[in-house]
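Below you'll find the structure, written out as structure tokens, and then a few comments.
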Amino acid sequence: MAATGAAAREDVEDVLEGVAEDQTPDSGQVVAAAAAAGRGQVLTGLTHECGVFGCIATGPWPTQIDVAQVVCLGLVALQHRGQESAGIVTSQGNSTKHFNVHKGMGMISNVFNDDAMKKLKGNLGIGHTRYSTSAASEEVNCQPFVVHTAHGALAVAHNGELVNCEKLRRKVLSRGVGLSTHSDSELITQALCLSPPEGEGDTPDWPARIKHLMSLTPLSYSLVIMEKDRIFGVRDPYGNRPLCLGKIVPVVKSKDDDNEQEPEGWVISSESCGFLSIGARYVREVLPGEIVELTRKGVKTITIVERPDNKPQAFCIFEYVYFARSDSIFEGQMVYSVRMQCGRMLARESIIDADIVSSVPESGTAAAHGFARESGIQFAEVLCKNRYVGRTFIQPNTRLRQLGVAKKFGAISENVTGKKIILIDDSIVRGNTIGPIIKLLRDAGAKEVHIRVASPPLKYPCYMGINIPTREELIGNKLDPVKLAKYVGANSLAYLSIDGLVSAVRHGIKIKDESQIGHCAACLTGEYPESIDW
């Protein structure tokens, strides 16, 4: 039975009752609320979403493949998952004591210049791109984390957030291990240094240590872990965060198709969207609970850790809605196709008379095309996006989000003037973005603006790695669709239903075994896959 996490939420919300209804609690208020609610040592109320990537060359070493360049380009493809810091760690594969490391604050293009890349020589490597909060946005928290154990160096990159972080922190500290940050990613790294209960010989049994970690914390994480000459990929038993495998194929085509060619290397990534650009081909997802080992000889499954009590799988449904790039593949289907199907379902549920259907670019565009095709109303672009402004949802401060909206869009007046517009957005989180966009369209001459949202209203915080910290921040808890339409200046507003979203997500899944399908919609329903231990 899924836990609601209500007790933890309500304790915090009781402390936040003094915040005005029309205000968003700042990070200081959330931190104070967390401390007063007894949630342990929490530095911030905002969590983070990240991207991880790894690459290992096959065949003789030293390799002809520029591994660092492959990892860097892989991170560029994952830049949408985090824009505050990045790092790459490489290994030549012949030393247990030395890794090449470069990490820094900012975008990938700013962190990795030619000089930095020259120092990252190696036959295997892992990388990480991250966004966090202003409180935790420091270079000390940049990943991958590297620790030097009695058995050699170990590097770890993590996407997700541990639901029992405080309990694991106490366990690690009780073993005499010091922690230099409040990052649960560093906590994972140090926990891997603990010997498994069954013990080990003179050399470390890293698979056993990983299994021990997975027994200590059920979710949420996708990990890439590098030691001297191999990389492990790990996905939590619920499959909450994505992770997939690809193979690097020769640039010079042979008569064989890609499936028959011997790979020049293997890659592992949060998403598959960057594979083609680095000469790789998508192979498959890492299964929930699976530990995979990547070596110069290939990829093999070490084990699959089962979920406790036969609980259902819980892949984050918000990956489809917002986070993932539209050309990524999850569960055997393209994210773009799912978003288009969300638009079709939305049209069936909430059609209205209009001249054109359009979108808030870019993550709303696929749904808008689906809505247009299902409704028979033509699609036309009405907003021009400045591509050099970061995503407003993942900036760590409300004022920055609001300022970001003002400089992010322009209106295509010829398509707007005198028109009744159905504007499709992928989601409404805090309600800071959509109001200024509607005003922009009305200033450009729109006759009517009807908002249709290709996901249900967000009502609950996520404790598993998404920037949705408190119910107070979520506009869906303050205003129903009629009141929200009035508040943002729309003629009408409607959301996709939860059933409609689930139907759209499952529409293209070819897996027949229901036990292998399951999605976490806790941010929509309040039903969490595991209880929350702050």
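Note: Cβ is positioned from N, Cα and C throughout, glycine not excepted.
TrEMBL does not curate its annotations; it predicts them automatically.
Per TrEMBL, the features are as follows:
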- C50: active site, nucleophile (ACT_SITE)
- C316, C462, C520, C523: [4Fe-4S] cluster binding site (BINDING)
- S363, D425, D426: Mg(2+) binding site (BINDING)
- 50-297: domain 'Glutamine amidotransferase type-2' (DOMAIN)
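Looking at C50, C462, C520, the recorded positions in this record, the fewest other C-beta atoms within 10 angstroms of the C-beta turn up around C462.
For the pair C523 ([4Fe-4S] cluster binding site) and D426 (Mg(2+) binding site), the C-alpha distance works out to 15 angstrom.
In the predicted model, the domain 'Glutamine amidotransferase type-2' (50-297) shows an average pLDDT of 90. Excluding C316, C462, C520, C523, which define the [4Fe-4S] cluster site, the same chain contributes N240, I317, F318, M464, I466, A521, A522 within 8 Å (Cβ to the Cβ centroid), listed in sequence order.
Within 8 A of the CB centroid of the Mg(2+) site residues S363, D425, D426, the other residues of that chain are V321, Y322, S359, V360, G364, A367, I424, S427, V453, A454, S455. Listed binding-site residues: D425, D426; maximum Cβ neighbour count within 10 Å falls on D426. Across the structure, C462 ([4Fe-4S] cluster binding site) and C50 (active site, nucleophile) place their CA atoms 15 angstrom apart. Packing around S363 (Mg(2+) binding site) is summarised by its Cβ count: 23 other Cβ atoms lie within 10 angstroms of its Cβ, all protein chains included. It is 18 Å from the Cα atom of C520 ([4Fe-4S] cluster binding site) to that of D426 (Mg(2+) binding site).
Distances between the Cα of C316 ([4Fe-4S] cluster binding site) and those of the recorded positions C50, S363, D425 are shortest for C50.
Cα spacing between D426 (Mg(2+) binding site) and the residue listed as 'active site, nucleophile': 20 Å, rounded to the nearest whole number.
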